[in-house]
Amino acid sequence: MSPEGKTLLNIIILGLGFMVMFTAFGTCGNIEQTVIKSFNSTEFHGSGYTSMAIIYAVFSASNLIAPSVIAVIGSQLSLFFSGLVYSGYIAVFIHPYTSSFYTLSVLLGIAAAVLWTAQGNLLTINSKDATIGRNSGIFWALMQFSLFFGNLYIFLAWRGKSHITDKDRQTVFITLTVISLVGNFLFFLIQRADPEPAPSDASESPLPADISDSSSVVPSQSLCSQAFDAFKKSIQLAMTKEMLLLSIPFAYSGLELTFYSGVYGTCLGAMNQLGDDAKGLIGLSGILIGVGEILGGGLFGILDKCNRFGRNPVVFLGLFIHIVAFFLIFLNIANDAPVAPEEGTQMQAFIHPSVTVALICSFLLGLGDSCLNTQLISIVGFLFRDDSASAFAVFKFVQSITAAIAFFYSNYLLLHWQLLIMVLTGFLGTITFFVVEWGIIDSRRGSDYDSI
């Protein structure tokens, strides 16, 4: 197999591994708050929102040490062992206890930092300047199929149910645990990328040896030294002008991740006005979020349609789509839906709640998210390819800390305040992304610019 074919296959396997694993975990995150409200146990006092806040808070802090872990054990093993923790978190819901629930939340935060830093590292290693955008789109589209399959299962399993029984819960989470374990083992199929010969033109240098590549490590360098160097690189990158500007769109991606992956499904489940099948609607909503994610990944990654115009139009389109979705949600969903009890909200929305409008919003949330994230992955991989693991760690640090904050305030803030926070952050983040992209265009003017 040619080197180009091998790297493309690696990207596909990476995407399939994440697709299978997040079929389980993404579905778990989407339904856990609804499931917790239905527990028939007086001994369990956990909150799905609080758990997610813990996960993302620990995730944020752990991103500072994730490159060090990858430097020591490599990206492939980092993916596998992190995936095992994901499986353990899902398994907690089979027989839930408050202590184990929150303990696994902490461990999952650490594992998530290692997992996503390793993913960004492998994506960059297996990409060139000209293929980073395409490969980002392929990975993103494959991974987002997880939303389709997992939520289709929830829709079929819970269709017509107004209450989730213990048997319903156990059946779902045993299935999800097995699925996540299958995804973990797919990572062992990823092959080592062949190094490229160094060209004479420094401006077109190939992918450098990455920190996860053991052959690039000086033999006499101790593991502690490697780990410390990786940590120091992360801190230095976080202080660069480009990374500081990109931190705003990173933050916005964390806020809207919280909303579409947890809060919106909870809102739909609380809307009695949407009919007796509100719980099953959570799964259908997740399917349409996945369809939007897959479509966006295909249009702006696989088909690489953004080459001609750069990244800015795609990011602007993503913001516009999200604003439309937020406005429709503002009209269609009751203000107290995020914090309503299992019996649902009794408040009225501005319009008569419509299932069709709710599902259109689900699709728009997924499409807008894919527009943003494919371009964030692309620009980070392009700007910081020499230190990809450290750069993606900073990306996930900012994204996860804002997601943690959002999951925390979702316990208390009404819907309209949550929407307002996302709109304001999204506007500011789009502007700062534009500034960074314009800087890239200026620095590359006069040379080929086909690297998006």
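All positions are counted from 1 along the displayed chain.
Placed from the backbone N, Cα and C atoms, the Cβ positions cover glycine too.
Unlike curated records, TrEMBL annotations are generated automatically.
Here is what TrEMBL records for this protein:
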{"type": "TRANSMEM", "residues": "7-26", "note": "transmembrane segment"}
{"type": "TRANSMEM", "residues": "46-65", "note": "transmembrane segment"}
{"type": "TRANSMEM", "residues": "77-95", "note": "transmembrane segment"}
{"type": "TRANSMEM", "residues": "101-125", "note": "transmembrane segment"}
{"type": "TRANSMEM", "residues": "137-158", "note": "transmembrane segment"}
{"type": "TRANSMEM", "residues": "170-190", "note": "transmembrane segment"}
{"type": "TRANSMEM", "residues": "243-261", "note": "transmembrane segment"}
{"type": "TRANSMEM", "residues": "281-302", "note": "transmembrane segment"}
{"type": "TRANSMEM", "residues": "314-334", "note": "transmembrane segment"}
{"type": "TRANSMEM", "residues": "349-368", "note": "transmembrane segment"}
{"type": "TRANSMEM", "residues": "389-409", "note": "transmembrane segment"}
{"type": "TRANSMEM", "residues": "415-436", "note": "transmembrane segment"}
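Each of 7-26, 77-95, 170-190, 281-302, 415-436 was scored by its Cβ pairs under 8 Å to the transmembrane segment (137-158), and the highest score goes to 281-302. Between the transmembrane segment (46-65) and the transmembrane segment (101-125), the number of CB pairs under 8 angstroms, six or more residues apart, is three or more, so the stretches are in contact. The transmembrane segment (101-125) shares the most Cβ pairs under 8 Å with 389-409, out of the stretches 170-190, 243-261, 281-302, 314-334, 389-409.
Contact between the transmembrane segment (170-190) and the transmembrane segment (7-26) is supported by 3 or more Cβ pairs under 8 Å, counting only residues 6 or more apart in sequence. Take the transmembrane segment (389-409) and the stretches 7-26, 243-261, 314-334, 349-368, 415-436: counting Cβ pairs under 8 Å, 243-261 has the most. Contact between the transmembrane segment (415-436) and the transmembrane segment (7-26) is not supported, since fewer than 3 Cβ pairs fall under 8 Å when only residues 6 or more apart in sequence are counted.
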